[in-house]
Amino acid sequence: MQNKTNSDVRWMGMPALAVGLIVIVAIALFGWQFLLAESELAVLGMVALAAMAGVTLGKTGLQASMSAAMRGHARSMNIAILLALVSVIFLLGQEHFPLLMLTTTLLYMTVAFGLNVQFGLTGMVNFAGASFFGVGAYTAAVLTNHGAVPPLLILVAGGVLSALIGCLLIVPVVRTAGHYSAVVTIAFSVMFKTFLEVNDVLGGPQGLMVGPMKTFGWDFNSSPVFLGLEMSFYVNYALLGAGLAALAFMFVQRLERSWIGLTLDSVRLDETASACFGLNVVRAKVLAFTFGNVLVGVAGALYGMMISFIAPNSFSFSDSLLMVAIVLLGGMGSLWGTALAAVIVVILPEKLQIIQEYRFLLFSVVVILVLLFRPEGLIPRKVRSYFPNWRPE
Amino acid sequence: MTDVLLEFKDLGKNFGGVRALDGFDMQVKRGEIIGLIGPNGSGKTTSFNLMTGIYAPSQGEVHFDGADITGMSARKVYEAGIARTFQRSRLCLPLSIYDNIMIGNHARLNTGLWFNLFQRRALREQIEEFYTQARDLVAGFSTDLADRMFEPVGSLPMIERRRIEICRALISEPKLLLLDEPSAGMTHDETAQMMDDILAVRERMGDLSIIIIEHEMGVIERLCDQCVVLSYGRKICEGSYAHIAADSEVQSAYLGMD
């Protein structure tokens with residue numbers, strides 16, 4: 001299938017890795033400036049620029065170089081991307097709002113990675129993403145207000161609780177083929193918000209305060225000092241969010257590139273045939289749903305600590321729809337696609353306030369366009385390669 | 001060890017008021033190729049679905065390899081050693097050839113969460129070991145196909161897909177292989193190739209029993225040791241091809257009464 005080895009793929013005489021690193025630096029610089037851009041004209045200009053760059057990337061063979069770099073130098077590229085992300089966080093240093101946006105994006109990305117395991121790999125739509133995100137956030141609220149649980153453990157607790165509630169919901173319907181998971185999660189999503197609104201212990205419609213993240217004596221709500229500069233406290237959360245997203249990426253990628261990933265694909269594509277070959281369909285579905293929900297819950301717990309105040313309105317059905325839209329837009333089962341789509345879906349409406357009111361309209365249009373013209377998403381998923389660039393001889 | 005691998009006793013299945021299969025008795029010996037024929041809707045595929053646990057029978061028993069497998073789940077039946085292909089190809093088209101064959105090898109895959117996420121080196125060894133096996137199996141059908149193990153199945157022509165489907169069934173080394181209309185959707189030449197493939201499989205795995213559902217009588221004549229004819233859910237005739245072809249009841253079932 002691959003006639004060329006990776007070192008053969010050159011772009012303007014440069015080896016793939018060099019091209020890859022240059023592209024990463026360019027994207028990082030662009031992202032930094034984009035997050036800082038104030039006027040709508042500048043934002044629109046940059047969006048147009050990015051769209052053009054995206055198109056040329058495919059046309060000039062740059063994309064081939066990029067994917068060769070991702071295959072042949074997976075580790076170096078991943079480290080470079082993480083370093084670029086951390087650099088952007090420090091470059092933004094004192095800017096509260098852009099950092100908040102960036103962190104929110106990273107947490108939504110983590111959520112979307114989780115939903116991708118459920119939807120993209122296993123074919124179970126979860127229309128209660130925001131609710132399970134909320135389960136994580138409310139867990140964090142309750143545990144930081146009452147009792148002295150170490151905050152890192154609170155993140156874990158958020159994930160576990162979200163997974164447990166997800167299991168209670170999904171186990172009864174998992175034996176049925178078809179779209180029952182969608183129906184059940186829609187119902188849960190609507191009930192969850194109502195439940196919070198009438199529940200005084202959880203603050204009712206007014207919501208709850210959430211205590212800050214603290215680890216090893218470091219309060220995340222105090223401003224860190226870096227090179228003599230006092231930074232926004234959001235830098236703490238952005239760094240932790242970046243770590244969380246990276247970890248989620250790694251786990252989901254490993255899952256996809258394993259026998260489990262194969263099992264989940266098989267269940268999505270043909271349940272009956274899967275059962276005929278001895279696959280335990282129920283186990284696969286429960287595993288995928290639980291795995292995804294852990295990521296959603298952990299991200300939710302950290303989100304709650306970051307914004308320090310949560311209310312039922314933050315976890316509505318429409319937010320769940322946005323999360324599903326991220327997976328559809330990015331490409332089912334495609335992690336890089338999901339990451340890109342999370343950036344677009346979270347940051348664009350914040351940057352273009354005109355969109356804000358019409359954002360659901362706009363996203364529906366975008367999702368329809370993507371389904372029509374690029375049904376496999378912005379960055380389509382590739383045929384499984386169990387290890388980067390692995391082809392046995 | 002008896003000579004009989006599979007036995008139906010008075011097997012029957014009702015769908016509401018429709019008797020899809022009624023009092024079906026059949027025996028399959030080890031290493032035998034049986035042709036299961038009959039007009040559309042005569043209960044051929046239904047009997048496959050009863051054997052493989054997709055449907056539970058309404059009456060009767062299925063015995064396989066000395067054990068009663070009546071009403072067992074599809075997974076248990078597969079573990080007991082029955083593998084099948086489907087009338088309408090049921091491969092996972094976006095997945096690679098290798099992935100599709102590995103789905104058939106599922107019983108041997110370690111699907112533990114810890115193993116798959118953290119013991120990547122051991123996983124890699126398993127992946128490479130099975131790759132060699134899968135490649136050898138595919139190479140037995142077509143060396144060209146064996147060089148394309150990581151291409152998506154959706155890009156292959158029908159005959160190659162059918163071969164992959166048979167490989168997927170064979171990788172688990174079953175005792176009984178069920179082929180549901182292997183020549184469906186194929187040209188005349190492809191059908192001839194497919195027959196050669198099946199005979200080659202039998203050559204290599206002498207102990208394997210095969211049941212073939214087929215409408216192409218040339219295929220049945222060339223491949224099968226014994227034939228069983230169904231009509232409206234009942235067995236109307238069995239024996240060698242020459243015997244059933246001469247039977248007047250079979251002729252009228254296929255051609256209608258004159």
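Glycine too: its Cβ is placed from the backbone N, Cα and C atoms.
Features of the protein shown, as given by TrEMBL:
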type	residues	note
TRANSMEM	A:12-35	transmembrane segment
TRANSMEM	A:41-62	transmembrane segment
TRANSMEM	A:74-93	transmembrane segment
TRANSMEM	A:99-117	transmembrane segment
TRANSMEM	A:124-143	transmembrane segment
TRANSMEM	A:149-171	transmembrane segment
TRANSMEM	A:178-196	transmembrane segment
TRANSMEM	A:233-252	transmembrane segment
TRANSMEM	A:286-310	transmembrane segment
TRANSMEM	A:322-348	transmembrane segment
TRANSMEM	A:360-379	transmembrane segment
Out of A:12-35, A:41-62, A:178-196, A:322-348, A:360-379, what stretch is closest in contact terms to the transmembrane segment (A:233-252), meaning most Cβ pairs under 8 angstroms? A:322-348
Find the member of A:41-62, A:74-93, A:99-117, A:178-196, A:322-348 that has more C-beta pairs under 8 Å to the transmembrane segment (A:124-143) than any other listed stretch. A:178-196
Counting Cβ pairs under 8 Å that sit 6 or more residues apart, are there three or more between the transmembrane segment (A:12-35) and the transmembrane segment (A:74-93)? yes
Other same-chain positions with a Cβ less than 8 Å from the transmembrane segment (A:286-310) and lying at least 6 residues past its termini are 100, 103-104, 107-108, 110-111, 113-118, 121-122, 124, 126, 129, 132-141, 144, 151, 154-163, 165-167, 170-171, 174, 181, 207-213, 220-221, 234, 237, 240-241, 244, 248, 251-252, 255, 260, 264
